[in-house]
Amino acid sequence: MVVKLHDLYFKPFINADEIDVVVQRMVNDIAADIKDEIPVFVGIMNGSFMFVSDFVKKYPKPCEVTFIKLASYEGVKSTEDIQRLIGLTQDLTARTVVILEDIIDSGNTLEEVHRIFKNENVKQLLIATLFHKPEAYDKDFKLHYVGKEIPNKFIVGYGLDYDGLGRDLPDVYQLKTTQHMTNIVLFGPPGAGKGTQANFLKEKYDLVHISTGDVFRYNIKNETALGMLAKSYMDKGELVPDQVTIDMLNKEVEKNTDAKGFIFDGFPRTNAQAKALDELMDSKDSQINAMVALEVDDEILVERLLKRGETSGRADDADENIIRNRIKEYYSKTAILKDYYSDQNKYFGVDGVGSIEEITERLSAVIDKL
Ligand code: IMP
Ligand code: MG
């Protein structure tokens, strides 16, 4: 489950069980190295409180525990950070001190710790950190025990916070590179009013409407590499492989990196395509939130389309048999997808009979809850 802290979204990264294993391993390593002395474990507040607590509970031999806090103050010069130390009252002369850090990132805090302990005449100063971001670390201090190396991305949970929130979470979460999006697969039989509603929804929710048909026409007309590739299959009378379509959609998604979400229209049509779309969204740190299908009774659809045929001149809107076939085909094709999304509790059928405003309201009620 994604968590929201203040304005940002975080995704599950390291669960409590995995953390437990890492902490236990650190305990074993440290206990094995410290033979017949009573070490002083020094947690760096605030972030390390949970780690230190779990660590000392697992520690098999007598030990002392204390905490220090480095309070950052904006210095006299605006650029200079002055660290103030709180809590180091104990005499540590000739003791083995093990610093327990939740995370070592740039190493600035560690540098400060070294500066402080330089004058404490300890027997040895060992550094243990639960998490370490090697890509961000630009100091030379030796890290004696590292629980887990992680990529240079912001994390929260298990003591770590984002602006005060998230310390209480038992699991660790990682900042999502793509923030929250509302991605909808919009379905509806011919004549259900999909186009009309898509237009309203994209305005209301600031979504980008990706009509697969339009994307195809655009790529072919502009002779893009993918368009030419798609055309080569179509010219041979073959189906365009899903990957080509997905690559086109990917391009559309990437053109709109600031989008609040997407309305996919005309895709997916098969299980394999739905899976491919899930993978695409996953690669963007996002997901399909819902398949929203407009539901309209067959007889009403036939009536609407025949009426549209009177003015639109579209041949396929003029013949009742053709219309009924298109509707039948729609249901036989979308049934699989309805199951696919229902299985993930993502299928939402919306009554598509009523005024345009009424239907927009019904759709909004679904989207507002996503
Ligand atoms: P430093 O850059 O190694 O000095 O780390 C400074 C402090 O920044 C750490 O003690 C944490 O309190 C905080 N910090 C660094 N990276 C993260 C993170 O990914 N999430 C939450 N806090 C972090
Ligand atoms: Mg810290």
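Cβ atoms are placed via backbone N, Cα and C, with glycine included.
No curator has checked TrEMBL annotations; they are predicted automatically.
Per TrEMBL, domain 'Phosphoribosyltransferase' is recorded for 22-162.
According to TrEMBL, the feature ATP binding site maps to G191, A192, G193, K194, G195, T196, R308, G354. Under the three-state DSSP scheme, G354 (ATP binding site) falls in the coil class. Annotation for G354 (ATP binding site): same-chain Cβ neighbours under 8 Å, separated by at least 6 residues, are R362.
Model confidence over the region 'NMP' (211-240) is summarised by a mean pLDDT of 93. Look at TrEMBL and you will find 211-240 tagged as region 'NMP'.
According to TrEMBL, the feature AMP binding site maps to T212, R217, E238, L239, V240, G266, F267, P268, R269, Q273, R314, R326. For V240 (AMP binding site), the Cβ neighbour count at a 10 Å cut-off comes to 16, with all displayed protein chains included. The DSSP secondary structure for V240 (AMP binding site) is coil.
In the three-state DSSP scheme, G193 (ATP binding site) is classed as coil.
Cβ neighbours within 10 Å of K194 (ATP binding site), excluding its own Cβ and spanning all shown chains: 21. Burial estimate for the binding-site residues (G191, G193, G195): highest at G191, by number of other CB atoms within 10 Å.
Contacts of A192 (ATP binding site) defined by a Cβ separation under 8 A and a same-chain sequence distance of 6+ are given as L294, E295, V296, L301, G352, in order along the sequence.
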